[in-house]
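Here the structure is laid out as structure tokens; the discussion comes afterwards.
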Amino acid sequence: MAEEEHVDFEGGEAGASLTFPMQCSALRKNGHVVIKGRPCKIVDMSTSKTGKHGHAKVHIVALDIFNGRKYEDMSPSTHNMDVPVVKRDEYQLVNIDDGYLNLMTTDGTTKDDVRLPEGELGNEIEEGFDEGRDLIITVVSAMGEETALACRDAPSS
């Protein structure tokens, strides 16, 4: 008898792809796309007319969702481009420990692998935590990376 292989389907991302293909002509402003291997949010799109030899081209300007860097790409409208699977989750801030956020989901599980962001958002999170405010942190994840994107005060109960 052959040994049965045990596959764990409990996790929501068991074997799930980090991206999916989409035709350039179907991409939209404020949507997401992968440019030069980075997950980006589309901020501007334009289409050039069909030339004498070839297809209409789509010019995409997008910002990296993690570092804000600007990327541009030009591709025939009939070609496929990768679109990242982008997930946004909200967590309650429990603690800040050694540059990392200790977060808790609504069902009580903890998450402590999100780095405290640098700059204005990081300062806002630290100040709010030091003042003893209950903060809700929005975490965005795509293509194996994740970062804190925003924070707000938790609704008082």
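A Cβ is built for glycine as well, from the same backbone N, Cα and C atoms used for every other residue.
Per Swiss-Prot, these features apply:
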- Lys52: hypusine (MOD_RES)
- Ser75: phosphoserine (MOD_RES)
- Ser77: phosphoserine (MOD_RES)
- Thr78: phosphothreonine (MOD_RES)
Report the member of Lys52, Ser77 (the modified residues) whose C-beta atom has the most other C-beta atoms within 10 angstroms.
Ser77
Could you tell me which of these modified residues, Ser75, Thr78, has the greatest number of Cβ atoms within 10 Å of its own Cβ?
Ser75
Calculate the distance in Å between the alpha carbons (Cα) of the residue listed as 'hypusine' and Ser77 (phosphoserine), and round it to a whole number.
15
